[in-house]
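A.B. asks: Structure provided below as structure tokens; questions to follow.
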Amino acid sequence: MIFSMPQFFAPFLCPLLDTYGFSSGSAWGALLMWIGCFVSSFANSFHVLYLTLGILTSIGLQLTYLSALMSVTAQFENSSYFGLAIGLTMCGSGVGAFASNYLLAWLLSIWTWREVLLIESAILLNILVTASCSHHLDAELNAKTLVKHEIEDINHQNKYPSEADLPSDCSITKYFWNIIPFCLCIPSLFRFRKYPLLSSHSNIIKTNAENSDYDIVSKERINGMRFSNRSLSFGCPQFLQEFTSNFKKLFSPKLWKNPNFLFYVIANGIAGAGVVIPWTFVYDHVLTTLYYLNDQNSIGDINNQDISWLPSLIGFGLLFGQLFYGLLTSQFGDIGTCFKNNNQDSKVENGSTCCQRNCFQSINKKCQLSKYQFHLAIFLITLLLNSACTLTLALVPLWSVQSESKHFELFSHQEGKLLALACFFVGISNGGLYVMFPQLIIDIVGTELWSSGLGIFLTFNGLMNLCGTNIGGKIYDTRGSYQMALLIAAFLSLFAFLLVVMKEIFTWLIKRSTLSANSD
């Protein structure tokens, strides 16, 4: 559930973040994760854990993850360092995956699992502080709306009713319904008491903001919110309309009739079903095999800490891969630079405004296409790498390992070294898949539908992650070995590669036939 459930909530959480801001998402995500782990420490049944860890913690995880990813995308989407920014954002998961195994093992050796969950809840609560990192960006993105409402407040001094003017038939149900949007946007509502406007904002609203600071959250608004359940909705202007508008984008024909987007989502989801299998089962695969050899007296006593290095190496490879792919994509095809340089060349060659506009659009389309093709090529290479490394994990001849020493050391044998290398490169390929999907979604659907496309992408990916872990567990239950599960995981990545390649070939053939027909 921890793998898949957070992604199932993405279609609903992406519109919420678009409406309320990234700082609100980070803050409420931290609180939900803290509550989930804290309550889980007192749980006495799995049904309670399904609710606390499976639902509450999953929503919190996805809120913080999406807040970080969407805020970085909003800040760096037009920068040449966009890929590196995404890689640095994602590398936190690599650090956590690498360090958490030993941290949890050490904690569990001292305390019980209930006490460890309490410690983990305290650690997760620190994410609340990171919400402040998005305050400034939220203020930038929402400055226009906030200033407009401030001007409306100035022009309508009687906007907030007095206590005597309030309707007497206000129901408790209606009051709590209206307080929901206010509570959701508390972190972003009180981000700044005073915010200096940019010149672009002042030009849009036709006011002079060169020497003025606008009180975005005035004392009158705060006082008014205490008196009227109706004014609670002013905390996030046009709450229902904005949320509905953002939610409707999930069903946009530009997404569901876009073959590039649909094929990418399906291919990445198929690969995702295979990616979780080595990550989840490589430890158990090696451990069960070595215990069998130990029972046959082929090897000595097994050190479990040596085997725990394998998932940690996947985490370390994930960290390295995220940074490597981030640097790789940041150094090629910067659309802003390409766009600027070619546009300057077109202006020098021809002074016609009409011609400049046509050249401007043509160059923009060409740069965007080349960037998408480059990102797609990296994605395909990453799928092949993941398939090859997962296949290596499945085919390493652990059954032939023999050792006469009393204590068996896995990494002193060639098979152990090969497993370690394969795990590291599996992590690198996983990191590449994580870094590439935000960039490919933007390349395909654009920034306007980016959050909606992200929600659809994560939902399908979560579904396939759930299928992958269930497939791996079911195969072990029926065959008593994870080798077949690893072979299927390798095949899934290869199948995703072939699916995208076939789609690109058919697209090229269709375009070629269309051009031939037009030329005739």
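Cβ atoms here come from the backbone N, Cα and C positions, even for glycine.
TrEMBL feature annotations, pasted as is:
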- 20-41: transmembrane segment (TRANSMEM)
- 48-69: transmembrane segment (TRANSMEM)
- 81-104: transmembrane segment (TRANSMEM)
- 261-282: transmembrane segment (TRANSMEM)
- 307-328: transmembrane segment (TRANSMEM)
- 374-398: transmembrane segment (TRANSMEM)
- 418-437: transmembrane segment (TRANSMEM)
- 449-472: transmembrane segment (TRANSMEM)
- 484-502: transmembrane segment (TRANSMEM)
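Could you place the listed features in the three-dimensional structure?
C.D. replies: Tertiary neighbourhood of the transmembrane segment (48-69): same-chain residues 1-2, 5-10, 13-14, 17, 22-23, 25-26, 28-37, 39-40, 86, 89-90, 124, 127, 130-131, 134, 438, 454, 458, selected by CB-CB distance under 8 Å and a gap of 6+ residues from either end.
Under 8 Å from some Cβ of the transmembrane segment (81-104) lie the Cβ atoms of residues 68-69, 72-73, 75, 116, 308, 311-312, 314-330, 427, 431, 434-435, 438-439, all in the same chain and six or more residues away from its ends.
Packing against the transmembrane segment (307-328) from elsewhere in the chain are residues 83-88, 90-91, 93-102, 105, 278-279, 282-283, 286-287, 290, 378, 382, 410-411, 419-420, 423-432, 434-436: each is 6 or more residues past its ends and has a CB under 8 Å from a CB in it.
Residues 83, 86-87, 90-91, 93-94, 268, 271-272, 275, 278-279, 282, 286, 309-311, 313-326, 329, 375, 378-379, 382-383, 385-386, 389-390, 392-393, 396, 398, 410-411, 457 of the same chain lie 6 or more positions beyond the ends of the transmembrane segment (418-437) yet place their CB under 8 Å from a CB of it.
Remote same-chain residues near the transmembrane segment (484-502) are listed as 263-264, 266-268, 270-271, 273-275, 277-278, 281-282, 285, 376, 379-380, 383-384, 386-388, 390-391, 393-394, 468, 471-472, 475-476 (criterion: CB distance under 8 Å, separation of at least six residues from the stretch ends).
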A.B. asks: Among 20-41, 261-282, 374-398, which stretch has the most Cβ pairs under 8 Å to the transmembrane segment (449-472)?
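C.D. replies: Per the Cβ count, the answer is 261-282.
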A.B. asks: By Cβ distance under 8 Å, which residues at least 6 away from the ends of the transmembrane segment (20-41) in the same chain are close to it?
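C.D. replies: Sequence-remote neighbours of the transmembrane segment (20-41) are 13, 48-49, 52-53, 55-57, 59-68, 70-71, 74, 114-115, 117-118, 120-122, 124-128, 130-135, 137-138, 141-142, 181, 184-188, 191, 236.
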